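Take a look at the structure below.
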């Protein structure tokens, strides 16, 4: 068999790599539109393979194919990560690698049989290589090697410069840059540890604002606060039925008596999912887009809700039915104001469902701690059992689903939320029995979505169930319920709010007069203007307000974005969204700058 010339092999692997990248991006729902973006990726592949080719004197093809195989693994990892987080891998993601074991069931759930196509050509190429691996020498002279290295360096150095032209000050996305170029840009940022944005607008912060004259100011002063962050709870399960059975009868009863309920309350995460929901809620700042916020900002002096409550005389405690260092909680909780943290180190693993101690066991075991705490106390629960893939033991299921949704993922999900709701009911009864209910406030909200809008089969099922389009206004809505026993107050607020608003809303209810640090949220009880900025699932620049949803285009082009009215899903002219788009960017940039420079406790002013 006639030997192929080396540059034929190089060209073949450059083309194969580009095709594989585009193929996997297609599986992610991404397409490269701009020719120059595709060209940059081609040049990067050329530089990468040229370096490999001139570096190794022997077995060149083995090394090239090894790099090609590594590319396949990277693309596959990106695909799985994207399905779970709706964003590609980052070099910062390796800081969270140890969390994978805890969610391995969810990871396996994301893998599809068709993913094997990513590795199909490798099954052919590796045996072929060992059968016919002879190759003529190429790039053997010192001059040739210097030329190859020089050209590769130029490509890798020029790519970030070209990317900045493409991005024009916006956050970089895999849609705009392509996978390999995205990772090069990400590596550049990781090495030099530069924030995506420079400067900020200090006027967006609510530092120094007086809360003393607001509605319901001090309503819950002196009461215990029991906050429960519910795993994967969509707001749409509240006050709904499945085959004539209420999904959440306990929470429904709370909404209908002695409660303030926010029916349009949205998740606002970064790369940390559940832990970022905690971070945003207790800090009223946006989460990190580098890595999970509890890692990125663990050295910061933060201004947090638990700290403010401690200053008001509260004892603070957190409960979670997983390992203590999961999402770096063991390190970060003391610094954000929790006196005590109870995890699997202190609790009995008497009932495990899914990722950790069941919600029922978590509540039961926590009661002894609450009884011993001096009052008032702030207890913060992070539930687990309703985590995907929503597998509840048969004997623990409280719903009978035999109709059209039987054996579907939404049936499993409804069972998991119903389980939490029943355990909540038992918990409340125990609080009453132990004289902890009447002087307490029970706060409930979801951490993030459960049912992925990007999966067509799920979207169709939920659209059918809801009787209206399952879009971002439902997908991201996690609800907020504040139950105040004996208050006589039963109100529902439809103002658009997000987890960033939790801190100031609770400060008003507790009776704190002044915001002494830097926060971005608003007291949802005393504002009519709803505005929620997003940076994950809907990318940075997207927002939801009282009337509409604006989803900034993933290709980075404003004109390719979409917007629609919430009440009827009719399109909204994009120019009506320009102000909100700029506000969303301005707020997130300001938060990012403040956290990167550890300024949470330093009052800002508009002259900075």
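Yeah, the Cβs are placed from backbone N, Cα and C, and that goes for glycine too.
As annotated by TrEMBL, Mn(2+) binding site applies to 231, 274, 447, 448. Cβ-based neighbour count (10 Å, all protein chains) for residue 274 (Mn(2+) binding site) stands at 22.
Annotated substrate binding site per TrEMBL: 387, in sequence order. Counting Cβ atoms from all protein chains shown, residue 387 (substrate binding site) has 22 others lying within 10 Å of its own Cβ.
Annotation comment: TrEMBL describes 223-512 as domain 'Sulfatase N-terminal'.
For 7-24 (among others), the entry in TrEMBL reads transmembrane segment.
Residues or ranges marked as transmembrane segment in TrEMBL: 36-56 (among others).
Tertiary neighbourhood of the transmembrane segment (68-86): same-chain residues 13, 16-17, 20-21, 24, 27-28, 93, 106-107, 110-111, 115, 118-119, 122, 125-126, 174, 179-180, 183, 271, 273, 452, 454, 536-537, selected by CB-CB distance under 8 Å and a gap of 6+ residues from either end. Residues annotated as transmembrane segment in TrEMBL: 68-86 (among others).
Positions annotated as transmembrane segment by TrEMBL: 106-126 (among others).
According to TrEMBL, the feature transmembrane segment maps to 146-162 (among others).
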When distances run from the Cα of residue 387 (substrate binding site) to each of the binding-site residues 231, 274, 447, 448, the nearest one: 231
Beyond the flanks of the transmembrane segment (106-126) by 6 or more, those residues with Cβ under 8 Å of it: 16, 20, 23-24, 27, 65, 68-69, 72, 75-76, 79-80, 83-84, 100, 387-389
Residue 231 (Mn(2+) binding site) CB neighbourhood, other CB atoms within 10 A: 24
Three-state secondary structure, residue 447 (Mn(2+) binding site) (per DSSP): coil
Env. residues of Mn(2+) site, Cβ within 8 Å of mean position of 231, 274, 447, 448 Cβ: 229, 230, 232, 233, 273, 277, 382, 387, 446
Non-local residues, at least 6 beyond the ends, that sit with Cβ under 8 Å of the transmembrane segment (7-24): 32, 38, 41-42, 45-46, 49-50, 53, 61, 64-65, 68, 71-72, 75-76, 78-79, 117-118, 121, 135, 138, 178-180
Averaged pLDDT score, the domain 'Sulfatase N-terminal' (223-512): 97
